[in-house]
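Taken from TrEMBL, the feature region 'Disordered' covers 455-484. Sequence annotations record features per position, and here TrEMBL assigns transmembrane segment to 41-60, 80-102, 114-134, 167-189, 221-240, 260-280, 301-322, 342-363, 370-390, 410-433.
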Amino acid sequence: EDKFKVKKRDDYAEVDPTLPYEKLNHDIAEAMRPFTLAWKIALAIGVTILIAGAVTFYMQTRIGLGLWGTGESVHWGLDLPTFVFFIGLSHSGTLISAILLFTGSNWRRPIYRCAEAMTFFSLLGAQTILLMHVGRPWRLFYMMPYPNYRTLWTNFRSALSWDMVAISSYFIASGIFLLLGSIPDFAAIRDRYTGARRKFYNIMSFGWKGTDREWKNLHRAYIAVAALLFPLMVSVHSIVSWDFAVTNVPGYHSSIFAPFFVLGAVYSGVAGVVMVMIVLRRMLKMHDYIKPYHIDNLAKMLLAVALIWIWITAMEALGPWYKTSVNNFEYLTLLAKLGGTFANAYWFMILCCGVIPLLMFNFKIRNNMVAMFLITTVIQLGMWTERFIIVVGGQAVGYIPAQWSSFFPTFIEAFLFWVFTSAIFFTPFLLFVKFVPPVSIFEVKEILKIPRRHPKKTHHDDEEPVEEEITKKTDIELPQEAGS
C-alpha cells in the first residue's frame with residue numbers, strides 16, 4: 001500500500017528493521033480480520049469431524065474397546081503411537097520459544113507464537129487420546145490423589161500416573177507461557193476492533209498500559225516460565241518413553257529410549273513448525289515476517305537432528321544384533337523390522353526420516369517453500385511410522401512364538417486416532433490465528449528501528465537542522481497513543 005512505503009523486501013534476510021511500527025500493527029490486524037472462504041470451509045470441515053469423532057467416542061464408551069483392531073497379543077494399537085506422536089509434536093513450541101530465547105536468537109521472534117500454540121494444541125490432542133485409551137473415561141478421576149473414605153490412593157508406580165502428572169504440568173506451563181507473551185499484543189490491537197471482540201481483547205490484556213513496571217514484571221515472568229519449560233520438555237518425553245522401557249517386552253526394555261524419544265520429539269516438532277509456518281505465510285500473507293531465511297534456519301536444525309537420528313537408529317539396531325543368542329528375543333524383533341512383518345514400515349521410516357531429509361544439504365531446497373513443505377510432511381509420516389513400529393512391533397513378536405501375530409486397525413480406530421485427533425489439533429489452531437496475533441507484535445518491534453517523530457518546520461530550518469526526538473518503544477504499543 002502507498003500508506004506504508006518501505007524498501008524492497010529481501011526474502012533471504014531477517015525482518016526488515018526499517019518497517020514502521022504502524023505497518024506491523026496494521027499487517028497483523030489485517031491478517032486476523034477477514035474470515036476468508038477457505039478458512040470458513042476448513043473450519044466447517046474441522047467442526048464436522050469433531051462432531052463425528054465425539055459420536056464415535058461415545059459409541060466406543062458404550063460398546064467397548066472391541067471396536068478396535070487390537071487382540072490378545074497386540075493390546076495397544078493406534079492409540080499409543082498417536083499419543084507419542086502428539087507429545088513429540090508439542091516439543092516444537094518449547095524448542096523455538098523457550099530454548100532459543102536463552103540463546104538470543106532473534107530470528108525466532110516472528111515464528112515462536114504459532115510454535116507455542118502448536119505445543120498447547122498438541123498436548124490437548126494427546127490428553128484426548130488418553131481419555132480414549134483408558135476405555136472408561138468417567139473413572140479418570142481415580143488417578144487424582146484425592147482424600148476418600150476408602151483410603152485408596154493413586155499408584156504412583158504406574159506409568160499412567162507418570163503421564164498424567166508430566167503432561168498436565170507441561171500443558172499448564174505452556175498455556176501460561178503462551179498467555180504471557182500475548183498480553184502486550186492484545187493491548188496493541190484492542191482499539192482496532194469494536195463490540196464483543198474488543199471486550200475480549202480488553203479482558204485478555206489485563207489492563208495493560210505499557211508502563212516500565214509492567215514490562216519489567218512481564219520479562220521476569222516470561223524468563224522464569226521459559227526456564228521451567230526446558231526441563232519439562234526433556235522430562236515429559238523421557239517419562240513417556242519409560243511407559244515402554246520399564247516393561248519387559250522385547251524391543252521396549254532399553255535404556256536408550258529416553259534420549260531416543262526426546263530426539264524424535266524435537267525432530268517431528270521442528271518439522272511441524274516448518275509446515276505450519278509455510279502454510280501461514282501463504283494463507284495470511286505474512287511474507288514480510290515469515291521469510292525463507294526463517295525456514296532455512298529451521299531446515300538447518302532439522303538437518304542436524306536428522307543426522308543424529310540416523311546415528312541413534314543405527315545404534316538401536318546394533319545392540320540386539322551384537323548380543324545375538326538363542327534366547328535373544330530382541331534380535332527376533334529386529335529381524336521382524338528388517339525383513340519380516342514390519343519390514344515395509346521400517347524401510348519406509350528409514351526413507352522418510354533418514355534419506356529424504358538429506359536433500360536439505362542443498363541451499364536451494366532449503367529456501368524452496370514447496371520442497372520444504374513436502375520434506376517436512378514426509379518426516380512427519382516417518383516419525384509416526386517409527387512410533388507405530390516401536391509400540392506394535394514389540395507386542396506382535398513377544399516371548400511366546402505361538403502368540404506372534406500381526407495387527408490391522410479397524411475403520412473406527414483409524415478414524416479416532418488419525419482423523420479425530422488431527423481435527424482436535426487443527427480446528428482450535430484455525431480459531432487461534434484469527435483471534436490471537438499469529439506473529440508476536442512486541443517481540444518483532446524489539447528488532448525494528450525506533451521510529452523518529454519529525455517536528456514541524458520553522459523559519460530556522462534553513463539555517464540549522466533541528467534534532468529529532470526519539471520516542472520510547474513502549475509508547476508505541478497502544479495504537480491510540482501511537483497514532484496507529
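Just so it is clear, glycine is given a Cβ too, placed from its N, Cα and C backbone atoms.
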Are there at least 3 C-beta pairs under 8 angstroms linking the transmembrane segment (410-433) and the transmembrane segment (370-390), leaving out pairs fewer than 6 apart in sequence?
-> no
Residues of the parent chain within Cβ reach of the transmembrane segment (221-240), under 8 Å, 6 or more residues beyond its termini = 83-84, 87-88, 90-91, 94-95, 97-99, 101-102, 159, 162-163, 166-167, 169-170, 173-174, 176-177, 180-181, 258, 261-262, 265
Stretch contact, the transmembrane segment (167-189) with the transmembrane segment (80-102), Cβ-Cβ under 8 Å, 3+ pairs = yes
Looking at the stretches 41-60, 80-102, 114-134, 301-322, 342-363, which one shares the most CB pairs under 8 Å with the transmembrane segment (410-433)?
-> 41-60
In the same chain, residues at least 6 away from the ends of the transmembrane segment (342-363) whose Cβ sits under 8 Å of its Cβ atoms read 267, 296, 299-300, 302-303, 306, 309-310, 313, 336, 371-372, 375, 378-379, 381-383, 385-386, 388-389, 392-393, 396
